[in-house]
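For reference, the structure discussed in these notes is given below.
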Amino acid sequence: MLTSKGQGFLHGGLCLWLCVFTPFFKGCVGCATEERLFHKLFSHYNQFIRPVENVSDPVTVHFEVAITQLANVDEVNQIMETNLWLRHIWNDYKLRWDPMEYDGIETLRIPADKIWKPDIVLYNNAVGDFQVEGKTKALLKYNGMITWTPPAIFKSSCPMDITFFPFDHQNCSLKFGSWTYDKAEIDLLIIGSKVDMNDFWENSEWEIIDASGYKHDIKYNCCEEIYTDITYSFYIRRLPMFYTINLIIPCLFISFLTVLVFYLPSDCGEKVTLCISVLLSLTVFLLVITETIPSTSLVVPLVGEYLLFTMIFVTLSIVVTVFVLNIHYRTPTTHTMPRWVKTVFLKLLPQVLLMRWPLDKTRGTGSDAVPRGLARRPAKGKLASHGEPRHLKECFHCHKSNELATSKRRLSHHPLQWVVENSEHSPEVEDVINSVQFIAENMKSHNETKEVEDDWKYVAMVVDRVFLWVFIIVCVFGTAGLFLQPLLGNTGKS
């Protein structure tokens, strides 16, 4: 006989033993029930037979695509790489059970290779397997509904138009359908009208504007049957910030540096140097960004057109600069200025361009600067032969000192012509007068030459100013015209 103390100890130990091991037994019972259910479902199951009670009935498959990542868009090879989840839902009448008979089990996770699956493939796959691998498990409910959502990475073919690169939009499609079953055997139904993007990771280069799905029934030339497919169209837009900062803005700066060439004075001697420096910088820049631009010969990208436009722009600036410098350094001994050049470039265009001479020039100042008496002075040896008064000779020997004083006063109060005509004509004076006349004639010739050279320089300045405005207009409107094309093109498509 056990004492009351011993009975209490035995009762407590039994309760503890039951509390510890009862969940284990329940788990074992549950595992046994699930194993019994699995054996019951798949003991006579054939995974190669369509799950229909009547052979003429189609299997209705509900299909949906969920995108998690837009991995890459290869413009050169025209491939779009995406990470997708493909949701398949269909009913298999051979996989039904009563939950009451199996301890309330309502769902099973079963390997996908144990059940019949629709052979849904990506029609426009470019690289890799066309069909999804069945390594994931499917969710089976007691009423026979199967939900299978395998992940897949697809590299699909996508015809791309990079005309407006880097402001381009692309329309890439994913076409899913059964490869062997026609519409009479598998009827595909789309879940929703758009791609599920709840778990989508944003891409740093592309933005998905729209991703709509459509169902198509197509009859191919190879077969008489009608095949059903579901096509998802991804309308994507390139994010142009990277290319704008690293490609377009530097080109804009180079273009406007080219415009400054025409504002640089020709006398500084650095116009051609600046043009060549800009051209070299553009060439080096093109070599650096060659790998960034899609290499294709089908179309010329917008940024390629702009780079070509900038290259032509800089080259023309060099040609025009050489032409302007040629005009700037012309002289009367090498070129004669035509009358139409004087009319157009010295009168008309300066008024149109709001240009004027820095100082008002009086034409003919060079000739007026030469004393008329010296210009009409007789040749040496003939100064006293005609028209010289006789009493002047006699008075010259008698009153030499008085005449010198009088000559000084006359030099200060009378024109030079009067002084020459009424002064002494000794050989020394004649030499001085001839030297002054030679200097005056040289000054006149120099002034006339300087005046013509100034006219040529002013013509070069006018030509520079004309091309300054022409290049500014071409640069602004050319740049705006190129980069407004994507906006106008997208507006026209919409």
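Indices start at 1 and increase along the chain as displayed.
Even glycines carry a Cβ here, placed using N, Cα and C.
When the topology recorded in Swiss-Prot is consulted, Ile190 and Leu349 turn out to be separated by the membrane. Within the list Asn54, Asn447, the entry that Swiss-Prot describes as N-linked glycosylation site is Asn54. Here Asn54 (N-linked glycosylation site) is positioned 24 angstrom away from Cys223 (disulfide bond), judged by their C-alpha atoms. In this structure, the C-alpha atom of Cys158 (disulfide bond) lies 40 angstrom from that of Asn54 (N-linked glycosylation site). For the topological domain 'Cytoplasmic' (328-465), the model's average pLDDT works out to 66. Look at Cys172 (disulfide bond): DSSP puts it in a strand. All protein chains considered, the CB of Asn171 (N-linked glycosylation site) has 15 other CB atoms within 10 Å. Straight-line distance linking the Cα atoms of Asn171 (N-linked glycosylation site) and Cys222 (disulfide bond), rounded to a whole number, equals 28 Å. Its Cβ placed at the centre, Cys223 (disulfide bond) has 9 other Cβ atoms within 10 Å.
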